[in-house]
Amino acid sequence: MSPDSSLLARMSSPAQRRTKIDTLRGLACLLLVFYHAVDGYTRASLLKEGSLLVSFGDSFTYLRMPLFTFLSGYVYALKPVQTAMLVRFAQGKLRRLGLPLLFVGLPLALLQVYLGSEGEHSLIDALWSPLYPITVLWYLDALLLIFLLVAVLELGGLLRTPLHLGGCLAVALVATLWSGDGSGLLAISGALYLLPFFLLGVWAQRFAVRPSRSTRRVAVASLWLIVPLCGLPVLLLDRDTLLESKTLPWAIGLSAASCLALYFLDWRNMTLARLGAYSYAVFLFHTLFISGSRIVMKQLQLDDYIASEWLLAMSFACGLVGPILLQRLVRHWRLVHMVLLGSAASPRRERGEVSRA
């Protein structure tokens, strides 16, 4: 058996595939938590805009949410919706995404109004936040819309061949011209922005060549080019313009290239994979633990004698570890586990279910 054939054989193992996907999920978690930790400290005037840490966090603007969505599309394609299972599929997604949107998103929105800048958002904004998102959980609205649309495309036979899927992907790319940051009704603009990456994940699972030694070499070479390109806009644009630029065609292309390069890198790291297995909990609760730790440390006046960089590191760690501990705690109460994480799984199956969020 050739080296490439051996690698392909290992790739056919569900355990190997899960480790690879969870590795990338873990990476996405690190990037997301670091960004929100840095952003919170910048807004609190504990870090200066343009500092090395802020610039480093901003340099992954084009990768964080596209990578999460690419992986969601890949995992969906492993077990796509079927006509006989349509109702069950819809119920599962409503439970998995809708319950956390209500029972996590709404309290977070209320906290944001209470703790946020005066006049930034009102109580009415918070109460309407499941429909008109004001927190990072806009992603749940957007992903729910994407799943429902993809189910229609799947059952219509529009994702069965490379040609059909390519046509859908082309239409989705054109639709990004009307995309945005996830604000507005049901985060429709955010769904338009992320849809191409979900379809790209479906394509990678169904039709792309499987990772091999040669594709891995290409991926490594591509990343050497992509990483500087991701950092270049940070040097040329201010933070607000940088966030707005992510929906531009060149930024969409850079995001897609980053996702594909990481996929073909065929990277497995057990530490990241363990983190990635808790990616849904980390996504849902990281802002709570980041903000909470920052507020506690400020009340203790630790910023008077500890450098902001060390406080940031502690908040970053809280944003990663806190959600994991919370998930492990609530797994003992099935109802609480279901409403907070949208999972109907028993505690014994919890880890595998969460890894598919």
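Residue numbers in this text run from 1 along the chain shown.
Placement of Cβ uses the backbone N, Cα and C atoms for every residue, glycine included.
Annotated features, as they stand in TrEMBL:
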type     : residues : note
DOMAIN   : 20-322   : domain 'Acyltransferase 3'
TRANSMEM : 21-38    : transmembrane segment
TRANSMEM : 60-77    : transmembrane segment
TRANSMEM : 97-116   : transmembrane segment
TRANSMEM : 136-155  : transmembrane segment
TRANSMEM : 162-179  : transmembrane segment
TRANSMEM : 185-204  : transmembrane segment
TRANSMEM : 216-236  : transmembrane segment
TRANSMEM : 248-265  : transmembrane segment
TRANSMEM : 277-297  : transmembrane segment
TRANSMEM : 309-326  : transmembrane segment
The transmembrane segment (136-155) versus listed stretches 21-38, 277-297, 309-326: most Cβ pairs under 8 Å:
277-297
Would you say the transmembrane segment (277-297) and the transmembrane segment (21-38) are touching, if the rule is that at least three C-beta pairs must lie under 8 angstroms and be 6 or more residues apart?
yes
Using a Cβ-Cβ cut-off of under 8 Å, list the residues of the same chain that are 6+ residues beyond the ends of the transmembrane segment (185-204) and lie near it.
65-67, 69-77, 131-133, 138-139, 141-146, 149-150, 159, 162, 165-166, 168-169, 172-173, 175-176, 178-179, 246-247, 252, 255-256, 259-260, 263
State, in range form, which of 162-179, 248-265, 309-326 has the highest count of Cβ pairs under 8 Å to the transmembrane segment (60-77).
248-265
